[in-house]
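Inspection log for the structure reproduced underneath, given as structure tokens.
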């Protein structure tokens, strides 16, 4: 089974063993969610309900990718949720350790890096310093107001502990370094340079195209789609034609719209992530619960932004945004709506992964089941859920059904032989619109954490 | 804008339950069926397909006859005519759907493609949707209708006392009704996940759900005092699979006692004989018209008394004592028949006697379970799949607060007993997921609502752990001289459980009935009597 020459090795026992190994990974996922739930619910009432648990454990996207397509996302998500849970419990070092572990399991979790970095920096490393500064400011104000009547007892300034900050920074460094070192050491023992560049090349495939074989439904899908349409309309179709035919390794060249380089995507992604820094290090945190919610929200936002603007994104990466959002589904109406839409669209965008007839039936059934269940769950959590959803959001979700039906019909037509990738293109563009909408609303939500857009539209 | 704050509609729950049921069934259907690509005899899937081929191609008179075109040794039809008619219809449909060799005489043996597998699986799911889903839904409503009757009764009393009720109480009642409905839907969902039926119908491949759900319809209608339709359903169920005759004694006793008690002599002496004659003659009409011999051949095929007392290893009394007394090989068929008949009657007697003496819906349910379990344990020519018949009744006990956990125990054990069968087809994944999903769903849905003492909880946990560990015995060969010893030990553990279930439920039937005599007839809910005082 594990002999290197055995490509495409298939036997019943192997399949059963591997499937079972994935199936078992639901146990840590369950445990991690319970771990998070215990703390949140124990302190703040019903933040997290049993239905949310079902939303995550029976998430059709997760089932499609893990149990049918075969990956180990549940395991990594469980470590991530444990890490979030520990961060919220103020066990920052354990959280950091777990995050480094999951980062070494799958480097795509780098998406979350910014959130963890700033959260831990603010709450752990500079916690003391921030408190000191706040007190200092307060004291200074008070001094200005009541300059004459000085009450000495209240004005003892806290000590600014430089050594504490350095100590904590050192601890963080040790943990991060040791995890990375132990994971990379077996490879880097010999021929340091070539190995490192080989690994990095495998991990960060900037040589591959802007879009993955099936276009992930992100901004670049729309970008490329518009470019193709413009090419056809203006008749300037380049000699490349429809080059992103699903072959990994093709570089896209946009003809009308500007061609995108890795650097551009990186800059745009970082720009999209900048509001998070402000949100995460915001010193006047409103309430303790809200900081936790903001942390989870920012994690989802970071993943979604990287998904939207990243270079060579896989469509499976949508799970990294949709699963953390499920954690907040019972918290507020807004999050419920967002996670409802994102989960449905995300799963829909994963449909091309599975293509045999039986799998087609199963995935459609699963999505329908999940959609109706989550609607039921959201509606019992937030009674005005259905009226909170805008008409265009409902229309968009309902139109999925005729859209998918027409794609099925298209596959039966003779023209399908000539344009086999057209349905995939339409699926990713259609989902990209929905995911883009979700990203935009989350973006404004994040901005509204520190900018007051409209006082009447404030969240209750 | 002021929005109306309403909880989600109840039918959303129904839709979700149906979708969950269908999705799970499709997923289980991707696993290999019995005898997949294993010539020359294949398995039950091929049997079903072969019957469709025979019935859709040959004239009715030849269905049960051995002839050149119908080799009875190759999966000859051995179920009653309703199965044959069902196969006939399916065969006609499939010969339209698949224009290849799927339904062609002779050449189609062992014909397996991805598409035909899908179609066959889909036909089972459709039959589930049409019969099993609605029948179980009706059953969950039985207790519900009782409670609303009670509520109405209470309402009358209140109205007499206070005059009109105020709005708040109405709202409260509405909420209560809504909650009740949701609870029922959840219980229904749980019943639909019953693992042994899922494994046999959707993994192993058979159409058991049709016969069983007809019996459930009969049970429901009998509980609603709709005697004639109930009898028709019962006949249909028995004419679909003769194994459903396990239920015959309690049904007969219940009909008799209730009809006499309620003084419906016209139904008993006019409608019942008429319906019986009609049902029997219509089902057997093609053979009645030809000759007596052909009818005899049909009966012979349906009740194969020339066969052995059991075939494969199973958790049955005769099989388990085979190391001590081998009834299968050491005794003549006549003697084993006599023994099995006596033992079956002996062990089904107590609970039926109780039913005849006291009557009542709950005791009827008990008698159904106990009798069918006694038949499984002691009767002649039992398959391991026959455990579905008592397990189906146990499923109906899930909504009972006190007995829920015991029915859960029995359902799990019955699913465990199917493991050797499933293991032969390499569908272990389906087995694990079906059992796991049912257990998880039970834990999520019913665990908070049941009454259970700590001791029973621990005992059941230890018991199921033992059985789970015993699964290893199927794989391990302990001694080369006795290759089947592991399987026998496995089955004896399961058989012991079945025996305990039988004893426990018999005990419960007797003790509960004395309680019921104290209260009023048939009502389990005594709360409103207390309130009246």
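Including glycine, each Cβ sits where the backbone N, Cα and C put it.
For the transmembrane segment (B:12-33), same-chain residues at least 6 beyond its ends with a Cβ under 8 Å from one of its own Cβ atoms are 43-45, 117-118, 121, 124-125, 128-129, 133, 137, 181-182, 185-186, 188-189, 192-193, 198-199, 202-205, 425-427, 429-430, 433-434, 437. What TrEMBL lists as transmembrane segment is B:12-33 (among others).
Positions annotated as region 'Disordered' by TrEMBL: B:155-177.
TrEMBL lists B:184-200 (among others) with the feature transmembrane segment.
Here TrEMBL flags B:268-289 (among others) as transmembrane segment.
The annotation transmembrane segment is assigned in TrEMBL to B:362-382 (among others). Residues 219, 222-223, 246-247, 249-251, 253-254, 304-305, 307-311, 314, 316-318, 336-337, 340-341, 343-344, 346-348, 350-352, 354-355, 389-390, 393-394, 396-397, 495, 498-499, 501-502, 505-506, 508-509, 512-513, 516, 522, 524 of the same chain lie 6+ residues outside the transmembrane segment (B:362-382) yet bring a C-beta within less than 8 angstroms of a C-beta in it.
Per TrEMBL, transmembrane segment is recorded for B:403-423 (among others). Sequence-distant contacts of the transmembrane segment (B:403-423) (same chain, six or more residues past either end, CB-CB distance under 8 Å): 34, 194-196, 199-200, 203-204, 312-315, 384-385, 387-388, 390-391, 394-397, 430-431, 434-435, 438-439, 442, 446, 449-450, 452, 456, 460, 463-464, 467-468, 471, 474-475, 487, 490-491, 494, 497-498, 501, 504-505, 508.
Look at TrEMBL and you will find B:429-447 (among others) tagged as transmembrane segment.
Residues or ranges marked as transmembrane segment by TrEMBL: B:459-476 (among others).
Under the heading transmembrane segment, TrEMBL lists B:488-507 (among others).
Ranked by Cβ pairs under 8 Å to the transmembrane segment (B:488-507), the stretches B:184-200, B:268-289, B:429-447, B:459-476 are led by B:459-476. If one looks beyond the transmembrane segment (B:268-289) by at least 6 residues along the same chain, the residues whose Cβ comes under 8 Å of a Cβ in the stretch are 60-61, 64, 80-82, 227-228, 231-232, 235-236, 239, 255-256, 259-260, 295, 298.
Here the transmembrane segment (B:184-200) has long-range neighbours at 10, 13-14, 16-17, 20-21, 24-25, 28, 132-133, 136-137, 139-141, 144, 206, 208-209, 212, 385, 387-388, 391-392, 395-396, 398-399, 411-412, 414-415, 417-418, 422, 427, 430-431, 434-435, 437-438, 441-442, 445-446, meaning same-chain residues at least 6 beyond its ends whose C-beta is under 8 angstroms from one of its own.
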